[in-house]
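S.K.: Have a look at this one.
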Amino acid sequence: MIKTDLQWICRAVDGQLFGENCTITEVSTDTRNLPEGCLFIALQGDNFDAHDFVADAVAKGAKALLVERKVELPGAQVPQIVVQNTRHALGLLGAAVKASVQPKTIAITGSSGKTTVKEMLAAILRTQGNVLATAGNFNNDIGVPLTLLRLTPEHDLAIIELGANHQGEIGYTTRLTQPDVAIINNVAPAHVEGFGSVHGVFRAKTEIFKGLNADGLALTPIRSEFAPCWQKQITHCKHLTFGQDPAAPIYATDVEVDAQGCAAFTVHLNEALTGTAQSAEIKLNLPGLHNVDNALVAIAAALAVGCPLADAQQALAALTPVPGRMHVLPLSTEIKLIDDSYNANVGSVKAALDMLGVYQGLRIMVLGDMGELGEQARQYHEEIGAYAIQAGIDNLFTLGVLSQSASEVFNGRGGKHFSDLDALVNEIIATTQRAATPITILVKGSRSAHMERVIDALKARTDELHPSLNAEGTQAC
């Protein structure tokens, strides 16, 4: 955070200061992880009120408080800023810090792949300067301002991920962020429970462009069913599309996938982006054909804020997967375990199945429940079962409740459902022991399914997976 004081913060959040002014360089909303000398912001939610913990915050070294009501602290003289709503004040403070630092800013949203695009952009832009990028899943109405508060005068660039589970959330966070470039990576059934339908998801994601001014750039996928809508709606700033279609100003040709599932292609960028038409050969070290589109939009956004194409090319070639996101773990020269367990929705599961279909030999998909799909949950899981058949995989093993609908559609072709983790792992091992190598096992599910349990169990029983197995450690493809 920038070095500031309580009077500056008071003006930023339209609050009233009780007590003496002092310098602040840290902010926290969590007494479990409280930097000494920080400003503690007491947030309220449906099931909690951090005002109950301000005494604990002071005992742990909080220097000042941001509260909705003045708190009596016998024996402690701690300055307090009182506001009407601390959650709103957190947003105002994040926006004020961002406006003070003024980094070139790229905002990203989408139903899947947001984090991959963020990581691609971070790798590219770190060749140009000091970059702040969203950490973990800090992408909601609390996480975004907390991310903005991490900005310092040393940051040249910011990459901010915007997520949502209800209408209006991205509209709010994009106004705080005020990006120079705003990206919608894709729109698919995700968080449908909160949005009502895929069209509701589209409306929520499209809010990201409300943060752009006339000099801003909007980037959307050309092959989306919502492409005509964006073409009509985005009129207040520059709008460019990307995809594997020459009609897009940013497009890919000569797409090839190697034996590890990693793509290579030629990127073409017409003069609409930077004033000069450019092209380059791109080699990715991330598995999955869907990463072609991810790379295209990352390249476009990076060039829009001044990065040379050659630097983007080199950075993408060096980027490797992070755990839980298409992370290939070679258990031997013939057996691969792909950890894509971090999250799942309909679009990302289809992308995973497409990738799995590239591999030779036995291909096993292990799927947990896809969450937050509302009344259409069964239909979407059945859709995945049908898609798995088209992808040509050999086995679809499911774990949970909702995912059973997928394996039922796949039944008769190597589909089977489990409600018990040990039974699932035993079946995977029995299947691989009967099979000839090579063998690829891909594990995926929503965060709530905790499919990392399957990854951990298989790694712990590596020597049982195949009679000829000789474990050689783990590495990315």
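Using N, Cα and C of the backbone, Cβ positions are placed for all residues, glycine too.
Any TrEMBL annotation is an automated prediction that lacks curation.
I grabbed these lines from TrEMBL:
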| type | residues | note |
| --- | --- | --- |
| DOMAIN | 23-95 | domain 'Mur ligase N-terminal catalytic' |
| DOMAIN | 108-302 | domain 'Mur ligase central' |
| BINDING | G110, S111, S112, G113, K114, T115, T116 | ATP binding site |
| DOMAIN | 324-447 | domain 'Mur ligase C-terminal' |
S.K.: Around S111 (ATP binding site), which residues of its chain at least 6 apart sit with Cβ under 8 Å of its Cβ?
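M.R.: Long-range Cβ contacts: N185, N186, V187, A188, P189, A190, V201, K205, N345, G347, S348.
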S.K.: Under a criterion of Cβ-Cβ distance under 8 Å and sequence separation of at least 6, what residues of the same chain contact T115 (ATP binding site)?
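M.R.: Long-range Cβ contacts: E161, V322, R325, Y342.
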S.K.: When you average the Cβ positions of G110, S111, S112, G113, K114, T115, T116 for the ATP site, which other residues in that chain have a Cβ within 8 Å of that mean position?
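M.R.: Near the ATP site, beyond G110, S111, S112, G113, K114, T115, T116, sit I108, V117, N185, N186, N294, S348.
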S.K.: Given the binding-site residues G110, G113, and counting only Cβ atoms in the protein chains shown, which has the most within 10 Å of its Cβ?
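M.R.: Result of the Cβ crowding comparison: G110.
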S.K.: Using DSSP reduced to three states, classify T116 (ATP binding site) as helix, strand or coil.
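M.R.: Reduced to three states, the DSSP call for T116 (ATP binding site) is helix.
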